[in-house]
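What follows is a single structure, written as structure tokens, with notes after it.
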Amino acid sequence: MNLRELVSALNDFASPALAESWDNVGLLVEPSPPHTVNTLLLTNDLTEEVMEEAVQKKADLILSYHPPIFTPLKRVTWKTWKERLVVRALENRIGIYSPHTAYDAIPHGVNNWLTKALGSCTSVPLHPSTAPSSPSEGTHRVEFCADAEHLDAVLSKIKDIPQISCLTTLPARVEGVEQTRVSLNCPQKALLEVVALLSQNSLLHHKTEILLLQKPLLPHTGMGRLCTLREPVSLSDIIKRIKGHLQLPHVRVAMGAGRTLESPVKKAALCAGSGSSVLKGTEADLYLTGEMSHHDVLDAVANGISVILCEHSNTERGFLSDLHDALTIHLQNKINIIVSEKDRDPLQVA
């Protein structure tokens, strides 16, 4: 596939608009066009070892879940390992694409894969995503009625206010009088100017309605998951399930106050990767994530919530196998998709 065609298909699979605002997602490194992709390499982390693997396996594009370019690069030299990744990618005509938190949000993404570690359960996002393109413009809608005497003057002044959009006029009959109903969209800053303008005319001001435009929630989409198990399970059994799903010999466990290994788990809140900010304040029997700060663990434990930490990328990497199968179908078997054999969590138990 042509790279740009493939990037469009990847964006359809998981819209970059679903990623967190602080994230850096999408196509990060692009070889000079035209660039054809025959082999796509999937990895959780793009390290120099994985880059060498990509070169050896003649990959044309690397999909790295974590973005290897996060903070801006001021130069591209051979001095630092992230700069070297860019140099090697361009020298070997390998593109780099990263979805990161867009894959956390989607219904068929990383967090839903992680729910399988708990066994049979239902789940809902902890922080639901909103439709990125609806409403398309403005945060507020202002509607008011004006008679012919004032209409042209008011419209002229409104059009001078920056960021006014969706300005429409329709004939209206108010209390038996022929008038014109004006509707417009605007952001918060422009709203203040519109209200100030309409306030200059008491008749207009009394006939004004202001509506808050809210983006609709997307079903089954968002950050983290709150899972309700079909049947309560002891904490010790949950630990075994998690270790089996993630194929880990060890996990770290903090027991909630008053809890034991035999305490039942009915509700579990989870977040792949680093879960402190996503899980904080959620009522549950258990928090499952890769890593949390020491003090956030203490807070959870004090509130009777047990915590299981598996290391950051151990809660993500296993998803690559599911991703391989899903992208094979989504891309209609048009390219060869392989999962990195060199990608691994940097932390080991010694």
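Glycine is treated like the rest: Cβ placed from N, Cα and C.
Caution: TrEMBL annotation is automatic and unverified by curators.
Per TrEMBL, the features are:
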BINDING   HIS66, ASP104, HIS312, GLU316  divalent metal cation binding site
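Taking every protein chain shown into account, HIS66, HIS312 are the binding-site residues, and of these the Cβ with the most other Cβ atoms within 10 Å belongs to HIS312. Each of the binding-site residues ASP104, GLU316 was scored by the number of other CB atoms within 10 A of its CB, and the lowest score belongs to GLU316.
Shown in sequence order, ASN44, TYR65, HIS100, VAL110, ALA272, GLY273, SER274, GLY290, SER313, THR315 are the same-chain residues outside HIS66, ASP104, HIS312, GLU316 whose Cβ sits within 8 Å of the Cβ centre of the divalent metal cation site.
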